[in-house]
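Visitor: This is the structure I have questions about; it appears just below.
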Amino acid sequence: MDVTIQHPWFKRALGPFYPSRLFDQFFGEGLFEYDLLPFLSSTISPYYRQSLFRTVLDSGISEVRSDRDKFVIFLDVKHFSPEDLTVKVQEDFVEIHGKHSERQDDHGYISREFHRRYRLPSNVDQSALSCSLSADGMLTFSGPKVQSGLDAGHSERAIPVSREEKPSSAPSS
């Protein structure tokens, strides 16, 4: 019995202009054929499955909301515990860093690390910032906005990450 090691030419990635899961947040979790050519997946495969690449983009891995009264960041950090996360505010930026040491999973050993930096609006009250991690791995960073003309208090400080036992209430986009 022959086993094909290389995909046929029409199922291979066609270069940097086509979406691929190789370098996104799911690195190390496997790559599917429909991730390489999502626009052809419905024509090639009789059993069409929605591309995970498109689903992930639509779900809002990192979502920033800024309305009149509040500034909120939602970030999917399901592979990290609160002890693995560092959240700090420095001047007009919030920096979220996650790192866990090498651990074993289904496919071998893996270690993960990310660093995100977001600009805070100038009218966010930095003394009232909060950060929590839901049971389903959604990090929520939020802060109220102050009325214009008041000092928002810009200094460097760490924001503790609290753990919630319920899943996130963040609606998907």
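In case you wondered, yes, glycine gets a Cβ from its N, Cα and C as well.
Here's the feature list from Swiss-Prot:
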- Met1: N-acetylmethionine (MOD_RES)
- 1-63: region 'Required for complex formation with BFSP1 and BFSP2' (REGION)
- Gln6: deamidated glutamine (MOD_RES)
- Ser45: phosphoserine (MOD_RES)
- Gln50: deamidated glutamine (MOD_RES)
- 52-162: domain 'sHSP' (DOMAIN)
- Lys70: N6-acetyllysine (MOD_RES)
- Gln90: deamidated glutamine (MOD_RES)
- Lys99: N6-acetyllysine (MOD_RES)
- His100, Glu102: Zn(2+) 1 binding site (BINDING)
- His107: Zn(2+) 2 binding site (BINDING)
- Ser122: phosphoserine (MOD_RES)
- Asn123: deamidated asparagine (MOD_RES)
- 145-173: region 'Disordered' (REGION)
- Gln147: deamidated glutamine (MOD_RES)
- 153-167: compositional bias 'Basic and acidic residues' (COMPBIAS)
- Ser162: O-linked glycosylation site (CARBOHYD)
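Burial and contacts for the listed features, if you can.
Guide: Counting every protein chain shown, the Cβ of Lys70 (N6-acetyllysine) has 12 other Cβ atoms within 10 Å. Under the DSSP three-state reduction, Lys70 (N6-acetyllysine) is assigned to strand.
Look at Gln90 (deamidated glutamine): DSSP puts it in a strand. Its Cβ taken as reference, Gln90 (deamidated glutamine) is surrounded by 14 other Cβ atoms within 10 Å in the chains shown.
For Lys99 (N6-acetyllysine), applying a Cβ distance below 8 Å and a minimum sequence separation of six or more within one chain yields Asp84, Ser111, Arg112, Glu113, Phe114.
Classification of Glu102 (Zn(2+) 1 binding site) by DSSP places it within a strand.
DSSP classifies His107 (Zn(2+) 2 binding site) as coil under the three-state reduction.
DSSP assigns Asn123 (deamidated asparagine) to coil, not to a helix or a strand. The local packing around Asn123 (deamidated asparagine), expressed as other Cβ atoms within 10 Å of its Cβ over all shown chains, amounts to 17.
Within 10 Å of the C-beta of Gln147 (deamidated glutamine) there are 7 other C-beta atoms, taking all protein chains into account.
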Visitor: Calculate the distance in Å between the alpha carbons (Cα) of His100 (Zn(2+) 1 binding site) and Gln90 (deamidated glutamine), and round it to a whole number.
Guide: 23
Visitor: Spatial neighbours of Gln147 (deamidated glutamine) among the recorded positions Glu102, Ser122, Asn123, Ser162, defined as Cα within 10 A: which are they?
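Guide: So far as Cα distances go, the recorded positions lying within 10 Å of Gln147 (deamidated glutamine) are Asn123.
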Visitor: For Glu102 (Zn(2+) 1 binding site), which of these recorded positions sit within 10 Å, Cα to Cα: Lys70, Gln90, Ser122, Asn123, Ser162?
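Guide: Those near Glu102 (Zn(2+) 1 binding site) - Cα within 10 Å - do not exist; the answer is none.
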Visitor: Give me the CA-CA distance between Lys70 (N6-acetyllysine) and Ser122 (phosphoserine), in Å, as a whole number.
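Guide: The separation of the Cα atoms works out to 12 Å.
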Visitor: Given a separation of at least six residues and a C-beta threshold under 8 Å, show me what packs close to Ser162 (O-linked glycosylation site) in the same chain.
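Guide: Listed in sequence order: Pro82, Ser130, Cys131, Ser132, Leu133.
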Visitor: His100, His107: which of these binding-site residues has the highest Cβ count within 10 Å of its own Cβ?
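Guide: Ranked by Cβ atoms within 10 Å, first place goes to His100.
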